[in-house]
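Take a look at the structure set out below.
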Amino acid sequence: FQPNKLKVLFFFNNILEEIGGFGPFQIAVVVLLSVPRMVLPCHFLLNNFIAASPPHHCDISTLGGGGLFRNLTREQRLTVGLPVREDGAPKSCEMFTEPQFQLLANSSDAGNLSTVQCRSGWVYDNSTFTSTIATEWDLVCDRKSLTQTTSSIFFIGVMIGSITFGFLCDKYGRKNTLLASYVMSILFSFASAFANSYIVFAVLRFLTGFGLTGILVNVVVIGIEWVDTRHRACIGVVGGLSWSVGNMLLAGLAYLINDWRTLTMVVTAPLGFAVLTWWWIPESARWLLAHGKVEKAQFYLDKCAMFNKRPKVSSNVLLETLSDTEKQDKSYTYLHLIKTPKMRRLTLLTGIVWFGVALTYYAISLNIGGFGLNIYLTHFIYAAIEVPGKLVIYFCLDIFGRKKCQAGTLLLTGISIVVNIFIPRDLWHVRVVVAVLGKGLSESAFTTVFLYTTELYPTVVRQNGMGYSNFMSRLGVAVAPLVLLLVDVWSVLPQIIICTVAIGSGLAALLLPETLNVRLPETIEDVEKTRLVKG
């Protein structure tokens with residue numbers, strides 16, 4: 001039979017109080033799940049390094065001119081073969097139709113000379129990167145948009161995976177789905193490292209994103225469902241710190257490993273350790289009880305009690321309590337998110353906020369050039385600022401409330417982007433400080449939205465609400481790389497779009513209800529009427 005899930009949820013909270021809702025068992029679970037969590041940012045932001053486009057210019061080795069051209073030095077060949085930009089560096093995508101030997105005497109007289117697009121490929125500066133997908137498949141000049149497209153393709157896989165694995169983990173359990181996610185991620189990621197064409201690589205990155213989403217969904221759910229209500233925010237922040245650590249490690253690994261194929265395999269390798277430790281990961285006892293699997297639930301509850309040195313829960317108590325509950329609960333679907341007026345309003349606003357939070361965070365994270373620092377240092381600083389961002393917002397949430405923190409972090413993120421638009425580029429140190437501040441605020445907004453949304457949706461549709469919110473988030477993530485491509489239309493257009501989305505979603509957050517010290521809604525009727533402050 002399948003018992004009433006609300007009653008099981010209430011009953012399980014009482015059980016956790018008896019066997020320990022935050023003890024050595026829960027800490028061990030968080031530690032075991034920290035390794036796969038650290039792998040996630042390494043893949044989500046991997047495009048910063050494997051798709052980097054180093055300085056390049058046309059290959060002029062086949063340019064005509066006979067023996068005279070071949071007898072020139074490298075610098076002289078570049079002078080007579082390539083037009084230059086305003087800063088004096090060779091243009092990346094153009095070459096002269098024939099050697100211009102007169103430029104050896106007067107290099108400034110090149111204004112009206114005939115040029116063509118690169119004919120024989122490109123020569124790349126390998127001082128920073130030995131190999132990237134841009135250098136391997138010549139994704140430069142008129143094909144440079146394909147580098148950011150791979151990131152969008154990856155995140156579309158993540159978006160579809162969020163829907164699929166949300167269903168699978170509810171139907172087949174968290175632990176089994178987690179193992180399937182591990183295996184899929186390892187296979188597709190390693191396969192992508194051996195891709196022999198751009199199309200094959202893009203398909204495999206889509207499948208990698210799809211598989212990694214199962215890890216993202218399940219590690220969060222397993223961690224939260226084994227912890228009592230009082231410590232959920234703490235577990236959320238601690239789990240989020242694993243993301244930040246993995247993000248910082250990515251900068252170090254990318255600095256040490258300059259080949260994109262090797263880097264892809266190295267950042268995936270820790271999932272092999274995660275597979276080995278999967279045997280010690282407990283299934284969610286909440287899920288087991290909600291699906292009537294009493295014996296398995298008893299096994300994991302006894303293990304939790306033993307680790308936490310608490311008395312075991314009697315199996316008779318479990319059976320008697322479950323037998324008293326209803327055998328069938330009302331079925332809720334995604335349609336229930338829009339059937340009533342206040343639920344429609346809530347669904348619309350949370351969707352806007354999640355889309356804005358995700359697009360802002362990833363647009364900033366994926367744009368690590370242009371601040372006068374090398375990309376490794378910029379990425380590391382962006383990752384490091386997330387740690388104080390998470391810790392500060394953890395304390396602010398209970399002081400200022402969820403709504404003010406959510407709106408404030410988004411509005412300040414947008415303002416920081418606006419400020420950077422007007423700061424001259426030669427003041428790069430000021431631009432870096434403002435950009436890092438904006439990155440920290442965007443991370444605080446992401447940390448807040450997870451907790452805030454779980455408190456906004458009623459229990460009966462909370463899983464559906466989170467699934468919808470996750471979908472809107474992944475939609476924003478998939479759009480972020482495409483927004484950055486608009487720099488070729490107007491250099492500040494991406495920043496204008498990002499700050500507009502951040503400020504717009506921040507204003508939308510102000511229309512949401514406050515949930516600090518308010519009883520959490522259990523049913524849709526609770527949302528439609530005014531909730532009372534906790535006594």
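Cβ coordinates come from backbone N, Cα and C, glycine included.
Feature annotation (TrEMBL): of 18-36, 151-169, the stretch labelled transmembrane segment is 151-169. It is 207-227, from the ranges 207-227, 417-437, that TrEMBL records as transmembrane segment. For the domain 'Major facilitator superfamily (MFS) profile' (95-516), the predicted model reports an average pLDDT of 89.
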